[in-house]
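Report on one structure; see the data block that follows.
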Amino acid sequence: MKIAIAGASGRMGRMLIEAVLNDADAQLVGALDRAGSPFLGQDAGAFVGKDTGIKLTDDLDAVFAQADYLIDFTRPEGTIAHIEAALRHDVKLVIGTTGFTAEQKAQLQAAAAKLGIVFAANMSVGVNVTLKLLEFAAQHFSHGYDIEIIEAHHRHKVDAPSGTALMMGEAVAGALGRSLDDCAVYGRHGVTGERDPSSIGFAAVRGGDIVGDHTVLFAGIGERIEITHKSSSRVSYAQGALRAVRFLSARGAGLFDMQDVLGLR
């Protein structure tokens, strides 16, 4: 599997480089970084104490010409540029970027008519199994329980609520036969009035080096149920991304997520 990594100098990029180098079936063939990055020209393996001969570059076409797959955990504007390059070079994509606008999501979906793409806000096995648990719980706590989603991430995260929190909200709303767009409440401030019993609330915490904590609270009268997932490192995301690459190796064009990859549908 000839794999290139986008955002190679970032926290997730470094973890992905290490995961690819440690996988006997994978070959690192490219490492992309943003224009102007101080790491351009550095060996991609330097982050993990290995010499790979692969230099960090901002030359999209040079990298895509060598790769069969790109793993992308960057930012929406960067991912859109990567999608355009992937279309030019017929490269399959594993995308963990969050914070897309509706227009950007439409571009991604259009590209999937020609490319195999796995797009998931969270690629850990644990989170995706948790989504199934939430669907089950929502069906049984559909009356008399208020639903709130609380997430916490490191101080550098730029979007809120997290993509994973939104995935959880969509799983719960879907199980209840609702549209998340119609029932989501993002943060509360001032005099908000009494809680709408059909709403799904979101709260976001940012601080320190928290990798990612997510709790879905079902609050009833006399009891409350909390379903929580906590990430202690990004290793689970990297392993999930490689699992997604393997999944795409046997697929043609189409838009998939980790529920497809893990056979949870």
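Every residue, even glycine, has its Cβ placed from backbone N, Cα and C.
The candidate list Asp33, Asp68, Asp146 contains one residue that Swiss-Prot assigns to the NAD(+) site with Gly7, Ala8, Ser9, Gly10, Arg11, Met12, Gly96, Thr97, Thr98, Ala120, Ala121, Asn122, Met123, namely Asp33. Cα proximity to Arg34 (NADP(+) binding site) (within 10 Å) is found for the following recorded positions from Gly7, Ala120, His153, Thr164: Gly7.
Cβ neighbour count for His153 (active site, proton donor/acceptor) (all protein chains, 10 Å cutoff from its Cβ): 25.
Gly7 (NAD(+) binding site) is surrounded by 25 other CB atoms, counting those within 10 A of its CB over all protein chains shown.
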